[in-house]
Amino acid sequence: MEGAAPLLAARGEEEVVEGRRRGGGGGATSAQTLGNVVVSIVGTGVLGLPYAFRTAGWVAGSLGVAAAGCATLYCMLLLVDCRDKLEEKESEETYHGHYTYGDLGEKCFGTIGRCLTEILILVSQADVCNVLAMAIVIKEDLQLFDHPFANRSAFNGLWAIPFTFGVAVFCFEGFSMTLALESSMAERRKFRWVLSQAVVGIIIVYACFGVCGYLAYGEATKDIITLNLPNSWSSAAVKVGLCIALVFTFPVMMHPIHEIVEERFQSSGCFQKLSHKVRGAEWVGLHSSRIVMVTILSVVASFIPAFGSFISFVGSTVCALLSFVLPTIFHLSIVGSSMSPWRRWVDYGFLLFGLGFAGYGLIRALFSH
């Protein structure tokens with residue numbers, strides 16, 4: 001009987017560790033996580049969806065949004081699989097319960113993998129902010145419906161689809177927040193279902209928003225749909241709502257950038273010495289870095305021309321690498337040995353598609369002018 005005690009104790013410790021890994025993370029409920037997923041994905045890219053639907057046609061645009069959403073969901077879940085596999089390999093002493101996208105890159109390819117991943121995150125997250133005024137824009141669109149399908153193309157040819165798909169991929173960009181949101185859930189095992197619900201809902205909203213915008217304005221649809229709105233109190237309310245939304249959700253979008261910059265900042269020898277010598281230097285340094293980053297992004301954003309073409313370019317290059325290429329590479333590297341052959345072929349398919357799409361987007365940008 002005395003020999004049984006250590007076995008029970010060891011089993012209890014193992015269950016605690018496993019509980020921390022699989023069940024409990026942070027304190028967020030499923031509803032809170034659902035809202036956070038929506039905030040982390042929905043951004044200013046939606047303002048360019050009606051223009052993308054004008055380019056490809058309303059049927060082709062809807063199919064492009066649905067395809068981008070499903071592909072994004074699959075690759076987001078690959079990141080969760082990678083993190084779960086790494087946790088299974090860790091002992092209780094090395095388990096720390098939180099992985100970032102950059103951590104996965106470092107686990108697979110060392111410092112180069114982390115640097116590449118974090119650079120792509122910096123570029124992609126600098127281009128997205130949440131939009132909470134979509135309902136008012138749709139209301140303005142619906143008021144213009146007379147003969148909505150008259151002179152409105154359903155399909156404008158195969159070469160228009162990559163443009164729309166690039167915009168849609170940009171609109172679904174939220175990969176850098178996936179692992180953080182999953183870790184924040186009180187019941188982490190429910191994250192896959194919550195994420196699936198969020199993505200399906202966003203697909204429906206995106207498709208409705210793009211179709212309504214295009215049907216309302218037709219070939220006059222501009223690359224930012226708010227430019228089509230008339231000068232009225234409701235249009236002014238949309239613009240004020242967008243500004244307020246940016247103020248309150250910009251910190252959420254900036255979280256991955258601050259996480260990367262501040263980690264580099266704190267690990268530097270000069271900063272550590274200064275923090276020990278000068279009281280309050282760490283607080284001043286970290287907040288100064290945030291002010292500088294926000295200022296730089298504001299200046300860069302003010303000089304962006306051709307919003308629709310820009311988000312299609314970012315979506316088909318940077319976001320394609322971040323959404324399809326890196327998740328599949330990490331998944332094949334970390335989980336590949338235990339995967340079935342068909343899952344491995346699916347991952348390779350997404351990998352080749354992501355590389356091809358990124359190459360197409362780059363070539364199109366270089367030779368389009």
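Backbone N, Cα and C define each Cβ position, glycine as well.
Unlike curated records, TrEMBL annotations are generated automatically.
As given in TrEMBL:
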DOMAIN    133-364  domain 'Amino acid transporter transmembrane'
TRANSMEM  34-53  transmembrane segment
TRANSMEM  59-80  transmembrane segment
TRANSMEM  119-138  transmembrane segment
TRANSMEM  158-181  transmembrane segment
TRANSMEM  193-216  transmembrane segment
TRANSMEM  236-254  transmembrane segment
TRANSMEM  283-304  transmembrane segment
TRANSMEM  310-333  transmembrane segment
TRANSMEM  345-367  transmembrane segment
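Within its own chain, the transmembrane segment (158-181) has Cβ neighbours under 8 Å at 28, 33, 36-37, 40-43, 45-46, 48-49, 51-53, 55-57, 60-61, 64-65, 67-69, 72, 75-76, 79-80, 83, 98-101, 104, 121, 124-125, 127-128, 191, 195, 199, 202, 206, 252, 255-256, 308, 311-316, 319-320, 322-323, 327, 357, 360-361, 364, counting only residues six or more beyond its boundaries. When Cβ-Cβ distances below 8 Å are used as the criterion, the transmembrane segment (283-304) is approached by residues 126, 250, 254, 257-258, 261-262, 265-266, 271, 274-275, 310 of the same chain, each at least six residues removed from its ends.
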